[in-house]
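Quick notes on the structure that follows.
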Amino acid sequence: MPEMPEVETVRRTLIPLIKGKTIEKVILWYPKIVATDHEKFLSELPGKKIIDIDRYAKYLLIRLSDNLTIVSHLRMEGKYHLTTSDAPKDKHDHVEFIFTDGTALRYNDVRKFGRMQLILTGTERQTTGIGKLGYEPNSSEFTSEYLVNGLKRKKKNIKNTLLDQSVVAGLGNIYVDEVLWRTKIHPLSQANKIPAEKVMELHDQINQIITEAIKLQGTTVHSFLNANGQVGGFQSKLQVYGHVGEPCPVCGTKFEKIKVNGRGTTFCPHCQVIYK
């Protein structure tokens, strides 16, 4: 699933491609991608101009004229690409926004898990899943105190806690494994047993790794591509994720992999301490 750095990369690459364009027509080849009223989606978007593209956590917020916003969640494999309106359709293209200049933005999703909603701008927290999210890394609200206090109430393991979007918005499996290895915290550590000073270190590393990943335009492990069809660059910097059986760069112990609530989790059994 695209995590915060990947969605931010999509946002940054989409802006120069579609900002300022006016929608002429919308085609829904797979209507279930749109979670709100399909007919309204088709009838209200023609004539609307792309004003800007924002993001919160893993959600893209495509700002339109007349105070409307398309909220888009890519889920597992959603992608956007710009083409011409007469270009052959790929079998995994499910939504098309045709612009007045003859170009078209297509949403492609192999698994069909992605979702879009058409809402009034400013109602994101009231009408979408954004309202259930915690603060995202590198925001002014995501302080070390916020994370320390948040973990005090969590008795589950730290891996699941960091994947909980109501605690930290935007993190996924890849970056959680990397952060826990950097901070030498075992993924099965009980969240509220981790010392405050260690949680502060965790906070700093979350911010750091997200910054690094955004700078390198995200991580492509399976299928992630930005809006220009390019892969990310952070996969070459991964130290633990995808390296099961290889030696830890710090101690030489072979990385091990376990399942934590169904999620593959790679860690160093020597460096990473279990807090219980």
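Just so it is clear, glycine is given a Cβ too, placed from its N, Cα and C backbone atoms.
If you check Swiss-Prot, you get these features:
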| type | residues | note |
| --- | --- | --- |
| ACT_SITE | Pro2 | active site, schiff-base intermediate with DNA |
| ACT_SITE | Glu3 | active site, proton donor |
| ACT_SITE | Lys58 | active site, proton donor |
| BINDING | His92, Arg111, Lys154 | DNA binding site |
| ZN_FING | 239-273 | zinc finger |
| ACT_SITE | Arg263 | active site, proton donor |
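Structural mapping of features recorded in Swiss-Prot.
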| residue | record | CB count, 10 Å |
| --- | --- | --- |
| Pro2 | active site, schiff-base intermediate with DNA | 28 |
| Glu3 | active site, proton donor | 21 |
| Lys58 | active site, proton donor | 25 |
| His92 | DNA binding site | 17 |
| Arg111 | DNA binding site | 11 |
| Lys154 | DNA binding site | 18 |
| Arg263 | active site, proton donor | 15 |
Intrachain residues whose Cβ lies under 8 Å of the zinc finger (239-273), provided they are six or more past its termini: 157, 159-160, 163, 173-174, 177-178, 180-182, 184-189, 221
Helix, strand and coil counts within the zinc finger (239-273) (DSSP): 0 helix, 13 strand, 22 coil
From recorded positions Glu3, His92, Arg111, Lys154, Arg263, the one whose Cα lies nearest Lys58 (active site, proton donor): Glu3
Euclidean distance between Cα atoms of Glu3 (active site, proton donor) and Arg263 (active site, proton donor), Å: 15
Segment-level pLDDT (mean, integer) for the zinc finger (239-273): 97
When distances run from the Cα of Glu3 (active site, proton donor) to each of the binding-site residues His92, Arg111, Lys154, the nearest one: Arg111
Cα-Cα distance linking Pro2 (active site, schiff-base intermediate with DNA) and His92 (DNA binding site), given in Å to the nearest integer: 17
